[in-house]
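What follows is a structure written as structure tokens; I'll ask about it next.
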Amino acid sequence: MIGIIDYGIGNLGSVSNAIKKLSRDFLISDDPSRLLKAEILILPGVGSAREGMKNINKRKLDKFLFEEIKKGKPFLGICLGMQLLFEESEEGDVSCLGILKGKVKKFLIERKIPQIGWNQVRIKSHFLRDKAWAGNYESGIKNKLFTQIPDNSFFYFVNSFYCIPENKSIIAGETLYGEKFASIIVKNNIMATQFHPEKSGKVGFQLLSNFIRKFYVN
Amino acid sequence: MLTKRIIPCLDMTEGKVVKGIQFVEFRDAGDPVKLAKKYNEEGADELVFLDITATVENRNILIDVVRKTAQMVTIPFSVGGGIRTKEDMKQILRAGADKVSVNTGAFNNPKLISECANIFGSQCVVLSMDVRKVTTDRWNVFINGGRTDTGVSVIKWAKKAVSLGAGEILLTSIDRDGTKKGFDVKITRKVSQIVSVPVIASGGAGKLEDFAEIILKGIADAALAASLFHYGELRIKKVKDYLQSQNIPVRN
């Protein structure tokens, strides 16, 4: 079962549709006790960081996420769901979950904000090689996350802010929008994307499917 | 690099796609869900649905189309027509749309933009503006399906809507709509230069060169077309191949 976290904002429809297309069971809930049963958690994201954190805290999902991720439950954060993993966001000057070290900043160089549309993701070479997760989860096993994801594939982005992880080695993919930013991060049981894989056509579905297959036994 | 988007638009009434000329003389152009699926497969970057009658009965039909479309397509799509409240917006997003476009409802009640942007994020709120040239150097905003001249200049409303939180502008030239005489480059350029959000140009696409012109001279971030694609006069791939040959970045 895949748990899609409902925190009052965000576009659950497109995420759940994508999971349906991949023929996987899911539940949508804002209740930690129900989400506890899920084998994989997805934090989708459309909306503002302030509203997002307010709703997460109100539902006591902050503590739940912190503990579940720490225990090793596979987690996928999408867009705002990626940004909220970090310590703080410039968007509304809000404290976020702090599961990863680093902050979230606004684009400074390009005039048009938000970035809306299809942009390319450069996959970091050490994530494409065998032993991609060396020292991490399942070290030594060929990294299946990027199977059939050609380097420089186009994904759909809608964002004004981006993450700056303190630990650069977790950056698995980078994208250029005036400035270079982390568009995919991977750390142990965490994957997060700044783009929307559920809205990125075939290649987006491939990435979702890779993530689920990597972690899903059933 | 961020690519320029090519967006087919599906104007709908009573669950069917229709296309008119200058907002009148509508004719049937087919089933929305089927068309959406076709464009998705042909490489459209996004889809736009507009319910042009937007009555209460049509709202339910629209929601049903949105739900079915969301199950079929793997690219983003926006939905608009008759959005008056944040509940309207929530209903459409919940059905699986990625963005909602507001037009008359936002003009009459600009707070709708800030309310929706605060809850759903600016990226969800598209300001749809129907505009017409009224003097040699002035374009006004028209509401109620292009029937009512508000007397307000396009530039003024665009600036205000963006300051309230609109994350994107869909700019439709009523003068050019369905005429295939090319986009209104002048007003698109003006709007694109004064706002800090992406602008989708709409109305008038007729040939390949129009797409390059609106992107290069009109500084549009995306170009929208309806009848050209519905009736198979141009294929999305052909448009993209052409743009690429003109060194315009597209997703292919």
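Using N, Cα and C of the backbone, Cβ positions are placed for all residues, glycine too.
TrEMBL does not curate its annotations; it predicts them automatically.
Heads up, here are the entries from TrEMBL:
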type     : residues : note
DOMAIN   : A:34-212 : domain 'Glutamine amidotransferase'
ACT_SITE : A:C79    : active site, nucleophile
ACT_SITE : A:H196   : active site
ACT_SITE : A:E198   : active site
Could you give the Cα-Cα distance between A:H196 (active site) and A:C79 (active site, nucleophile), in whole Å?
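With the alpha carbons as reference points, the distance is 7 Å.
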For A:E198 (active site) and A:C79 (active site, nucleophile), what Cα-Cα distance in Å is obtained after rounding to a whole number?
11
At a 10 Å cut-off from the C-beta of A:C79 (active site, nucleophile), count the other C-beta atoms across all protein chains.
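A:C79 (active site, nucleophile): 29 neighbouring Cβ atoms within 10 Å.
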For the active-site residues A:H196, A:E198, work out the Cβ neighbour count at 10 Å and name the residue with the minimum.
A:H196
